[in-house]
Amino acid sequence: MTMAAGPSSQEPEGLLIVKLEEDCAWSHEVPPPEPEPSPEASHLRFRRFRFQDAPGPREALSRLQELCRGWLRPEMRTKEQILELLVLEQFLTILPQEIQSRVQELRPESGEEAVTLVERMQKELGKLRQQVTNQGRGAEVLLEEPLPLETAGESPSFKLEPMETERSPGPRLQELLDPSPQRDSQAVKERALSAPWLSLFPPEGNVEDKDMTGTQLPESLEDMAMYISQEWDHQDPSKRALSRYMVQDSYENSGTLESSIPSQEVSSTHVEQGEKLWDSSVQTCKEGMNPRNPVPGVEKFENQERNVESVSPESTHPPVLLPGQARREVPWSPEQGRLDDREGHWECPPEDKIEESLVGTPSCKGLVQAKEQPKKLHLCALCGKNFSNNSNLIRHQRIHAAEKLCMDVECGEVFGGHPHFLSLHRTHIGEEAHKCLECGKCFSQNTHLTRHQRTHTGEKPFQCNACGKSFSCNSNLNRHQRTHTGEKPYKCPECGEIFAHSSNLLRHQRIHTGERPYRCSECGKSFSRSSHLVIHERTHEKERLDPFPECGQGMNDSAPFLTNHRVEKKLFECSTCGKSFRQGMHLTRHQRTHTGEKPYKCILCGENFSHRSNLIRHQRIHTGEKPYTCHECGDSFSHSSNRIRHLRTHTGERPYKCSECGESFSRSSRLTSHQRTHTG
């Protein structure tokens, strides 16, 4: 024994070392891996992450990337699925507050699933406004939605005898309504604890004063509502979400339990009561209002109450209480009323909110819709006409103002306050309000007078930026600038020819229509252009004044005729060479031959021209445009003179005749060549 103890005592450290190695081996065992967080957990951490949770910005960004990848799972999902998650999150964010939290607790996985849940909850909230009270046993029990299936399976059964209705209940509701003698009232309480809609009602009284246990059923509906609300708040969120989902799922198939409540006695009693039904309904609507703050809608109910006696018993309906009237006649949601802190009463909302809250009430709905005409509070002091808003009244009063200013006494026509109508009114009464002090000419508008006065002052405030030329009117400047830009905004719809000015287009269209609006009063001959008419009228004037009585000298056909014989020379004379012209524009064009001015420049090649027509003819070289088409053979030409020369080949016209031998030619150049044969 001693020898065995010797070595054991001599090697205590070895034993310790063996024990340490054994402990070390235990410590080196790989710990079990932590479970990977779910996508929802990563999503919540991603949204709740704060900058202060990380030691630095780089770590914060890295943590956010990690949480985002844990939420979206790009290695498992496609781009479309990730986009669906982002859209789903934004959709859940913009939902109304009353259903947002409920949908988020159900955690829909796709947008379609979220839309389905929202639609079901909207139907649920709509049905809550159509609750019916069950007065069969003396206590008003509000039954709105079917109960969850889990509670029905775990608790004893209870028996309900469904009343015959037009629609049959769904399979889940039929299972609950299956007659079984083993169900008691305890199952009713257990099912009621999971109904989500009961938590929407505002609790009343002090919950702490009520000492109730899970086995004690409240005696009144008020105690039941407070007890259910308290238990619902302490319930597990997962069970609460599951209960809501089951309620919504069965709600769509079954409708509401109000159609399955044994209410034959109640309905028969209501039919026997007759007129009293409507009286109670109207009284119920009145009691929902605060007498301290009367609203305009009260008169609607009072007026309808007087006409109740004419309603037949067949058209009556069971009395319906508003949600919350079973609990001291209090509105059930903040949208229908708010609590007055001073006296502890719920104030009645405005009239429009009351009408919205009465949508599900058949008896009150007809009363509300009886008088829905908009009120007209804006009265015209002149004619007494009434309007619903102030803007319509102001628009109407402008008619009276226009009648005062613009009533035409002679023709009885009324014009508005627009300057165009005022000027039109002046033409009716012959008024010329604006008179020129220089020549005495009158104008109906001040702008016309200002434009006319520039002819006396010579003012030309509108200057061309390209060539520096000035004009008295802005319209003339715009017309002039087209010579530089080459713009031709006016196009003939018949042949497609384009023009720089609208007047040229109108003149051209007369070729297609054959219109000749200018007619000579002497002989009745018509012309397509006013200039042609002026030239023609000079022939009649020359016949009356030829020969002149003062000098006895006649005028040949080639000399221009002067309507004013006081000046026997042309009105516009060139100061350089003495040549005279009948029009100022011809003199201006002639003076460019002396000055060498070429204001018209080609924007493509830079070549300058003294006349605009030469520039237009030149630009067709660059564009290749041939706007003049022969109607006989379809050939096109860049110049009108070429088309005229070409048309003579079809018509055989020879306008150029030799005075020596009488031979005719189609071109002037050929006549000139022929005349050289006579002169040698």
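Each position is counted from 1, following the chain as shown.
Heads up, the Cβ atoms here are built off N, Cα and C, so glycines get one too.
Not measured: the values here are computed from a predicted model.
Here is what Swiss-Prot says about this protein:
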- Lys19: SUMO2 cross-link (CROSSLNK)
- Lys159: SUMO2 cross-link (CROSSLNK)
- Lys286: SUMO2 cross-link (CROSSLNK)
- Lys300: SUMO2 cross-link (CROSSLNK)
- Lys376: SUMO2 cross-link (CROSSLNK)
- Lys570: SUMO2 cross-link (CROSSLNK)
- Lys579: SUMO2 cross-link (CROSSLNK)
- 43-125: domain 'SCAN box' (DOMAIN)
- Ser168: phosphoserine (MOD_RES)
- Ser180: phosphoserine (MOD_RES)
- 147-191: region 'Disordered' (REGION)
- 378-400: zinc finger (ZN_FING)
- 434-456: zinc finger (ZN_FING)
- 462-484: zinc finger (ZN_FING)
- 490-512: zinc finger (ZN_FING)
- 518-540: zinc finger (ZN_FING)
- 572-594: zinc finger (ZN_FING)
- 600-622: zinc finger (ZN_FING)
- 628-650: zinc finger (ZN_FING)
- 656-678: zinc finger (ZN_FING)
Beyond the flanks of the zinc finger (462-484) by 6 or more, those residues with Cβ under 8 Å of it: 451, 454-455, 500-501, 599-601, 603, 612, 615
Beyond the flanks of the zinc finger (600-622) by at least 6 residues, Cβ under 8 Å: 483-486, 589, 592-593, 638-639
Secondary structure at Lys579 (SUMO2 cross-link), reduced by DSSP to three states: coil
Secondary structure content of the zinc finger (628-650), with strand meaning DSSP E or B: 11 helix, 4 strand, 8 coil
Residues of the parent chain within Cβ reach of the zinc finger (490-512), under 8 Å, 6 or more residues beyond its termini: 479, 482-483, 528-529, 627, 629
Residue distribution over DSSP helix, strand and coil in the zinc finger (518-540): 11 helix, 4 strand, 8 coil
Secondary structure composition of the zinc finger (378-400) [DSSP: H/G/I, E/B, coil]: 11 helix, 4 strand, 8 coil
Residue distribution over DSSP helix, strand and coil in the domain 'SCAN box' (43-125): 65 helix, 0 strand, 18 coil
